[in-house]
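Asker: Submitted below is the structure of interest, expressed as structure tokens.
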Amino acid sequence: MTTLLDTHYHYDFLPPQSRSAFLEELAQAGVEIVAQTLTPSDFVALEAEEKRRVGTSSSAGPRPSSHASPRLSVGFHPWNIGPDYQRELDFFAQALTRTRFVGEVGLDYVPRRLQQVPAETQAEVFRRILDIVSSQRADGPYVLSIHAVRSASQVCDALEATDTSGMVPIFHRFGGTSDELTRLIKQGCYISVNPAMLATKRGRTYVTQVPADRLLLETDLPAGKEAGGDPGKSHARELIETLNATVSTLAALRHQDPDELASHIMHTAQHLYGARPAGS
């Protein structure tokens, strides 16, 4: 039985040969992930890698949990927008026929990021992403994991200008202002909490103000791509420990029982993400 869901994990940062051990370790702890990607072409590549991995594992014998793929999310991170963004947006539109999970997408208006990708380009791509999502239909809502650094108001503006009736926007690792937090909650958005958010005084205050049914968990791990080796189990243990520590800190800040809070958050996650299809 799944007890916790990491809604923002960079699964494709793990070497392919480490992923089965990683997933098996998570399954034993009742933990699942949503695998975020940084570009639509990364999503396509991960999808192909997972088909090969699952096919190889399935032919080897009984079906442990590692033989299923995690939920795959198609993203277009603002840091990764290049001159070929129209080609990536085409991949993005095609991917939405195969997943209803979108991320990591959004805006990053930190000055050094704006030097790499101007605000106008970021805003255009994000607007196009929202338009594409709003034009699609799926069995459930499209769940978006949104990167919003010094840009939460602009993200809220973009959401307000779009038909979001078929979307669930989640602000990943929110660090905006109190007014922006109030606004996004009123707009029906969610917050996914990780240790980086809880490390700041403002973040700790915010998590006490967000309604319990708008809270989700994430780790945003691993920190970077692994060059090699077989770190699957160690990464899984780091993820599990991080999620449990986040629940404990959240519960203490909100003066709630940790088990009750975890159950409440998982109920929300299952409502949004559904059960992972067997063999997916």
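Including glycine, each Cβ sits where the backbone N, Cα and C put it.
Note that TrEMBL annotation is computational and uncurated.
Take a look at what TrEMBL says about it:
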BINDING   His8, His10, Glu104, Asp220  divalent metal cation 1 binding site
REGION    53-72  region 'Disordered'
BINDING   His147, His172  divalent metal cation 2 binding site
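Each of the listed features needs to be described in terms of its position in the shown structure.
Answerer: Around the Cβ of His8 (divalent metal cation 1 binding site), 25 further Cβ atoms fall within 10 Å across all displayed protein chains.
Neighbour count (other Cβ atoms within 10 Å of the Cβ, all protein chains): 26 for His172 (divalent metal cation 2 binding site).
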Asker: What does DSSP assign His10 (divalent metal cation 1 binding site), in three states?
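Answerer: Assignment for His10 (divalent metal cation 1 binding site) reads coil.
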Asker: What count of other C-beta atoms do you get within 10 angstroms of the C-beta of Glu104 (divalent metal cation 1 binding site), across all chains shown?
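Answerer: Result for Glu104 (divalent metal cation 1 binding site): 24 neighbouring Cβ atoms inside 10 Å.
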Asker: Starting from the divalent metal cation 1 site formed by His8, His10, Glu104, Asp220, give every other residue of that chain whose CB sits within 8 Å of the mean position of their CB atoms, in sequence order.
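Answerer: Filtered neighbour residues, in order: Tyr9, Gln36, Gly103, Ser145, His172, Glu218, Thr219, Leu221.
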Asker: Quick check for you: of the binding-site residues His8, His10, Glu104, Asp220, which have their Cα within 10 Å of the Cα of His147 (divalent metal cation 2 binding site)?
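Answerer: For His147 (divalent metal cation 2 binding site), the binding-site residues whose Cα atoms are within 10 Å come to Glu104.
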Asker: What Cα-Cα separation, expressed in whole Å, is found between His172 (divalent metal cation 2 binding site) and Asp220 (divalent metal cation 1 binding site)?
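Answerer: Pair distance, Cα basis, whole Å: 9 Å.
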